Structure formats: C-alpha cells, structure tokens
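Novice: I am attaching a structure below and will ask some questions about it afterwards.
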C-alpha cells in the first residue's frame, strides 16, 4: 500500500488522512464519553464509558503512529494497540454484566483473553493479534449476545448489530487490498465505518439504558 509522505516543519511525515481520521475518532469518542459519563451509570454503561475513553486514547496514539512512523516505527504503534485491546475488553465486560449468574466467570475469561493477546503482542508485534482480539470481541461476544437479546424481544440491540455490520463491510477492502484512492485507502475506509459504528454503539447503549430503567 502506497503511503502519502509530506514535509512539515522539517519533519518527514506520513499518512495525513490516517492522522486526521484518527483525530476525528478520538474527538468523537471523548464527546460520547462525556455524554455518557454525565448520566446515571449502570454496570453495563460503566464499561461502555471505559470503552470510549480507551478508544479515544487508542486513536490519539494511533493517529500519531501513522503520522510519525518514520521516527517511531512499529514501536510507536504499541500505545495505541494496547489501549485498543483494553477498549474491546471493556465491551466484553459490558456484555458479561448482562449474565448475572455467570458474570464473574465471563469477566475472568475476558481478562484471560486480554492477557493472552498482550503476551502474543509482546512475542510478535503484529496488528493481526489486535484484529483477532477485536473480531472475537465484536463478532462472537457482542454480536452473539446482541442476537440473543433481539430474539428475547430487545429490538434496540439491532443498533449493536448494525454497528458490527459496518465493521464487517471493511473486510473486503482490507483482505482484498483494495484502495479506492491514494488519498482514501483501505485504512481510511475502515476509519469512516468505525466513526459510524461509534455513533451506533452510543445509540445502542442509550436505548438499552432507557429500556432498563423502564423495567425497574
């Protein structure tokens, strides 16, 4: 994949679009974090709040790891990837809170999975491990839980499924190595879908909390 390079203030920088879209995700995540934080907090919402500030950290560091790759290399990816792993684990923790009888067991499994992924990253510093962690967290944990909730009559969980669907739409671009334009490559396509997913996740949490309060 060809990366755009440019000079600014004597620095040789890369991927301006990757940097800008990561900053958009960072700011959006912080905005949604404060929107959720200012309200009454359930255990489910608490973990989603954690997700948003961790994802903000991930995209903040991720943006600069794109921009300044010539200076920090793969080591510059580590802070963003670590925060990203913990952000997905927060979603998994939120899912675990919905199953009271098995909550502690599920949370321990989430922690064990995160530790394994971090160990694999320490052995082999590749984004593949982050992608696997994310796929398991979104598709098999949040996705399966949302399908179960929809079947139980909680139609607002469709918002989580729509968000996951947007993530899946990025796969043809990534796996097929499809770049629409030099200034809008496969990573940029993924970032745009992720921005939309962040909004749908937020709406899903809001609707879930509203229904939860009405049921009390």
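Cβ coordinates are placed from backbone N, Cα and C, and glycine is handled just like the others.
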Novice: Which stretch, out of 136-156, 157-177, is listed as transmembrane segment by TrEMBL?
Specialist: 157-177
Novice: Mind checking which residues reach the transmembrane segment (78-96)? Cβ under 8 Å, same chain, six or more beyond either end.
Specialist: 43-48, 50-51, 54-55, 57-62, 65, 102-103, 106-107, 110-111, 113-114, 117-118, 121, 125, 127, 130, 133-134, 137-138, 141-142, 145
